[in-house]
Amino acid sequence: MKTTSPGAVLVLGGARSGKSAFAEKLVAGTGLAKHYIATGRAWDEEMRERIEQHKVQRGSHGWITHEEPLALPERINDTARDDRVLLVDCLTLWVTNLMLEGHDIPAAFDDLSAAVVTAPGRLVFVSNEVGLGIVPDNKMAREFRDHAGRLHQQMAQLATEVYFVAAGLPLKMKG
Amino acid sequence: MKTTSPGAVLVLGGARSGKSAFAEKLVAGTGLAKHYIATGRAWDEEMRERIEQHKVQRGSHGWITHEEPLALPERINDTARDDRVLLVDCLTLWVTNLMLEGHDIPAAFDDLSAAVVTAPGRLVFVSNEVGLGIVPDNKMAREFRDHAGRLHQQMAQLATEVYFVAAGLPLKMKG
Amino acid sequence: MKTTSPGAVLVLGGARSGKSAFAEKLVAGTGLAKHYIATGRAWDEEMRERIEQHKVQRGSHGWITHEEPLALPERINDTARDDRVLLVDCLTLWVTNLMLEGHDIPAAFDDLSAAVVTAPGRLVFVSNEVGLGIVPDNKMAREFRDHAGRLHQQMAQLATEVYFVAAGLPLKMKG
């Protein structure tokens, strides 16, 4: 039995904006079984610490965690169910991983869109807004923020709710 | 015959936020003859590609394009008419060009303000919000974001509507 | 006699967003005696100019200025009174100073929270949102934006009003 409205939620925010904590509250509010899809790769000590901090903040109560740095659309297809809510944290780390592995980015984004549209249950996506600073010197960083910006637009169009979080406070952009 | 309310619109947003597409929708909604004032200079291959992508996105239907990297106030004075809407994309590239050519920035901003206040028809300005990242190491980048921020404040005061666009979604800040 | 509602206000915004000018308007609106707590240190010529510009913008009418780069909680404790409004400009410079002097950041943030909760009169805090650009290359810059983001969340929770300012226009996030 489906207990929530259909559709996906997109939670955007800056670094340490409280976006993950806000997304976790949304997830808890659904009353569905909580699945966490972590896209981050612990490639160095700092990243390992950041991932660990997120785990501590989230707590272990009732979460089932999946690590999925690349095959996010497939993982959503496999995991989503009517009685589950999936929290994907975060899209920007997924984009980073796709770039580092040389994947076809637009194709991956289309696969994700297709997965989102057909997934049962609820989906909550967290992502970093990265396009509001000075143009980066570095070409890869410029490409990254172009990809991230395009993905955010694509996901915001599919989502039934979009939030922008700053200082822990959500601003509803859609829904 | 003037068919729209007077005044200018300012559309702010980050990189790949969908600000240009949103501005183009506003322009189409006026029903006026569409003039596009491109401030960007194709000084390298990447920039040429970005300009080309904007052209493709905008389509050629019914647009008259003007390239104006520096003399934006004069171009507005010459082009604006009651039955026209001018889309200026974007102010931050204009600021970049002014800086690279060593122009008097505050004087140029005042000229732009004067042109905006007296222009007939409608004006839509697109600009990049660039001040929400870490303070740049580079002095010129710091000066650039100071100039851009001041120009945004000056234009927002004149504008009848101001939007902040993220993930393709407009947030009305004024109007 | 207390003439305003209790509580603190947080004003967030990017570089040259008009956040200080907006905060000064809030302060003037209280009708209380105006105290300015400047956290910035004039460690180079550029910084000296920026501080000087703020002074000119603010004017000297009726302001009592305190310079306090580090002991902000203590200064608030000492300065706050029922018939005063304190404008602290800005929190991010305070964080910078704490980091450069090797202070215990979480402890300092807790001291600030305690001071805010117990202070009589009104408090207005200005701070830079710095987390919406590309992840900085520099580890200290990453730590800085983590600290700033955490402080903003902590202060936003205590504040009765929170504003996000862009292009001189305030967006109410809370209150």
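Positions of Cβ are set from backbone N, Cα and C atoms, glycine also.
The following features are taken from TrEMBL:
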- C:13-20, C:38-40, C:55-58, C:Glu67, C:Asp89: GTP binding site (BINDING)
- C:His54: active site, GMP-histidine intermediate (ACT_SITE)
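In the three-state DSSP scheme, C:His54 (active site, GMP-histidine intermediate) is classed as helix.
Other Cβ atoms within 10 Å of the Cβ of C:Thr39 (GTP binding site), summed over all protein chains shown, number 24. Working note on the recorded positions C:Arg16, C:Lys19, C:His54: by count of other C-beta atoms within 10 Å of each C-beta, C:Lys19 ranks first. The two recorded residues, C:Glu67 (GTP binding site) and the residue listed as 'active site, GMP-histidine intermediate', show a Cα separation of 13 Å. Less than 8 angstroms from a Cβ of chain B: among the recorded positions C:Arg16, C:Lys19, C:Thr39, C:His54, C:Val56, C:Glu67, that describes C:Arg16.
DSSP gives C:Thr39 (GTP binding site) a coil state; it is part of no helix or strand. Counting other Cβ atoms within 10 Å of each Cβ, the lowest count among the binding-site residues C:Gly13, C:Val56, C:Glu67 belongs to C:Val56. In this structure the C-alpha atoms belonging to C:Arg16 (GTP binding site) and C:His54 (active site, GMP-histidine intermediate) are separated by 11 Å. In the three-state DSSP assignment, the secondary structure recorded for C:Glu67 (GTP binding site) is strand.
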